[in-house]
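My questions will all concern the structure given below.
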Amino acid sequence: MGSGFRADPSVEAVANSPSKSLALALGAFCVGVALGPAWDAIGASVPIVIGITAILLNLFARSRTMIVISVALALFALGGVRTQGAPWTVALPDQASDVRELVAHEMAVALSEPHASFLTGLIFGGSSDLPDGLREAFRTTGTSHILSASGYNVSLFTFYFFNWVITTPLARRRGIWATAILLVVYALGAGASAAVLRATLMGAVILVGAAVRRRAKMGNALLLAVALMLLFDPTLLWGDVGFQLSVVATSAMIFWAPAFARRVAFLPKKFGIRDSFGGSIAAIIATTPIVLWWFGTVSLVAPLANLAVLPMVPYAMASGLIGLAATIYDPGIGQIISLPAWAFSSVILHVVSWLEALPLASVSVPFAHAAAAVSAAVIFFVWLRVRRA
């Protein structure tokens, strides 16, 4: 006997697909967190009532569809309840900061300034050691995001490195393991701070996608990573630009990169150049509204600066890590092996400094938030049109 409830066919299709059911449940939790300010306005007890209703609905559910809906509703309520609590902190060992100090010291042994400070910031996040003028140059050219410990850099690095490594004799499976080991080394070398762990998690999402070769599962991996981070700290969603850049850039590299790669078919596929360039363009376009919203300026040279700099970032990071490892083993050998890292650093710094000196390199936007909203809407509708084409 049926329960009398007839679900929409599209809802039943979601319920009968484990992948779509998981996406619905995780997405519901994230939406619950996103409505944090609304819960304060309508009453803190509302998500609790919704959660109790969802539990009762689950107890009396007679179909898979109702079970999936009730679970999603419960997680939606959990997201709302979670926004009313304080962030959960994870105590990290003191050795984490010691590792970071060791990394900065060894980088300074291998390279002169400002290359040592730049590569340390590029790989492990932070720009406080850079000269003020150079920090301003990165801000003016819209490239300061590469110096933050966020999933933006690590996802891009993982994307590039994996696309390159599968063209070598290592092949795909060994390439996955090599990339995974590199991510672990990165997390430890960067000091395993909360920001670094979030960045590593974003890189792991890209790697999972490469392993399963299915965008649906890649999307679920990203949703799971986002849900876990929001569970620990719901304030990340609206208050952390690094988190926003990480999630949006990683999403773009998962879902948009293949389409952009097809549109730059004139580039060689060797060493993953075409796929990597497509991923860079996707990340730049997707994160434009966020940069506009937070910083209130439009860098007229940002597209050119990012297109010139971003393709070099993964190679600068990789050569910097290799040089760092060699320096720890033997400073003399490390200085020689760090020459490629110095070369990439020199080119990036010269490009940024040259573009920053151009007239009207950056202009303030009077209605930056409105412009950010409009640009986000335009990108969204263009994406819908391209998707349906």
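Quick reminder: no glycine exception, Cβ is built from N, Cα and C everywhere.
Reproduced below are the annotations present in TrEMBL:
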DOMAIN    122-385  domain 'ComEC/Rec2-related protein'
TRANSMEM  44-61  transmembrane segment
TRANSMEM  145-164  transmembrane segment
TRANSMEM  176-209  transmembrane segment
TRANSMEM  221-239  transmembrane segment
TRANSMEM  245-265  transmembrane segment
TRANSMEM  277-296  transmembrane segment
TRANSMEM  308-329  transmembrane segment
TRANSMEM  336-355  transmembrane segment
TRANSMEM  367-386  transmembrane segment
Considering every residue in the domain 'ComEC/Rec2-related protein' (122-385), what is the mean pLDDT value?
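A mean pLDDT of 79 is what the model gives the domain 'ComEC/Rec2-related protein' (122-385).
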Go through 44-61, 221-239, 277-296, 336-355, 367-386 and flag the stretch with the largest number of C-beta pairs under 8 Å relative to the transmembrane segment (245-265).
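Answer is 277-296, with the largest number of Cβ pairs below 8 Å.
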